[in-house]
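Features as listed in Swiss-Prot:
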- 1-30: signal peptide (SIGNAL)
- 119-324: region 'Disordered' (REGION)
- 129-152: region 'Triple-helical region' (REGION)
- 136-151: compositional bias 'Low complexity' (COMPBIAS)
- 168-181: compositional bias 'Low complexity' (COMPBIAS)
- 170-229: region 'Triple-helical region' (REGION)
- 210-223: compositional bias 'Low complexity' (COMPBIAS)
- 235-246: compositional bias 'Low complexity' (COMPBIAS)
- 235-294: region 'Triple-helical region' (REGION)
- 261-273: compositional bias 'Low complexity' (COMPBIAS)
- 296-311: compositional bias 'Basic and acidic residues' (COMPBIAS)
- 314-324: compositional bias 'Basic residues' (COMPBIAS)
Amino acid sequence: MSVTTATSGALIFSGASLLVSLFAAASIYSQVSSIWTELDNEIDSFKLLTNDIWGDMINLGAGSASNRIRRQAYGGYGATGTNAPEPQFPQGDKGPLPVPGLPFGPNVSGGSDRCQCTVENTCPTGPDGEEGEQGPDGQDGVDGVPGFDGQDCPDVEQQPSQGCFTCPQGLPGPQGSQGAPGIRGMRGARGQPGYPGRDGQPGMPGEMGPTGAPGDDGAPGASGMKGDDAEKPVGRQGQRGQPGEQGPDGEEGPAGKDAFEGPPGVEGEVGVPGYQGSAGPDGEEGPRGPSGLPGKDAEYCKCPTRDDGGNSHRAWRRKHKRVY
């Protein structure tokens, strides 16, 4: 396997791994976004549902006198599945609606056959306002007239009200504060796969890549046709140019061979006498010199006469081999 093939394989594998990682990251992000959106929708729907239930509970008026009458009319808390008779609306001319348990009835002005109900404000109480300035003390009021003694109410069973139970909806109240987050809902079914996207616009041409490795040698081509003979014009010799500048000194070359011995030169003048040199070594013993003259007579010896012993001194020297 060549280096080029191994490099190409590694690059292709790295690119494929990068594309798969990007696709997986995009898929995970899309799923998380869809789940988050679904949870937000479920939470919003749950808030709306709880708000509706709370509004219905407020409209029912739990703990009020009318609720007690309705419970008693339908059999109380221990009622069975049977329904109480529907309330009967008054027919014909409008008159006072008697309230059970009271000997007198309220004065109701005449009108149409529609239900005469007062609109109750079921909105929650708003925040307390700022404390105002203290006002001046008022004048003492006039003593009231003593009232009449009340009449004892007979002990009668509560009767259902003859009026309508549902009143027209009032004006919407101010928006309440945001409630606590609800319980996380169940995960929904997996959505349908989306449509494939369209191809994007072609990108700008990239930069030129590095020079590739030289390719294999191609097959030798066929021999071409023989060309025409060329003409070689011979030009005239031009004028000699100016001498160029002297170049830099070259490196020192190797030592040359010894030259031939030249002829002896002219004898020079006699030089100045030099300094006296040191004593040389002793030379070899020279030849024996001639015999010396006879010495003087010694004091301890009587000299012979010249006539008697002329050769006595020479004989003595030969005997003792004295060397001078």
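Yeah, the Cβs are placed from backbone N, Cα and C, and that goes for glycine too.
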Folded-back contacts onto the signal peptide (1-30), same chain, C-beta under 8 angstroms, at least six residues removed: 213
Structural state census, the compositional bias 'Low complexity' (136-151) (DSSP three-state): 0 helix, 0 strand, 16 coil
Tertiary contacts of the compositional bias 'Low complexity' (261-273) (same chain, 6+ residues out, Cβ under 8 Å): none
Composition by DSSP (helix, strand, coil) of residues within the region 'Triple-helical region' (170-229): 0 helix, 0 strand, 60 coil
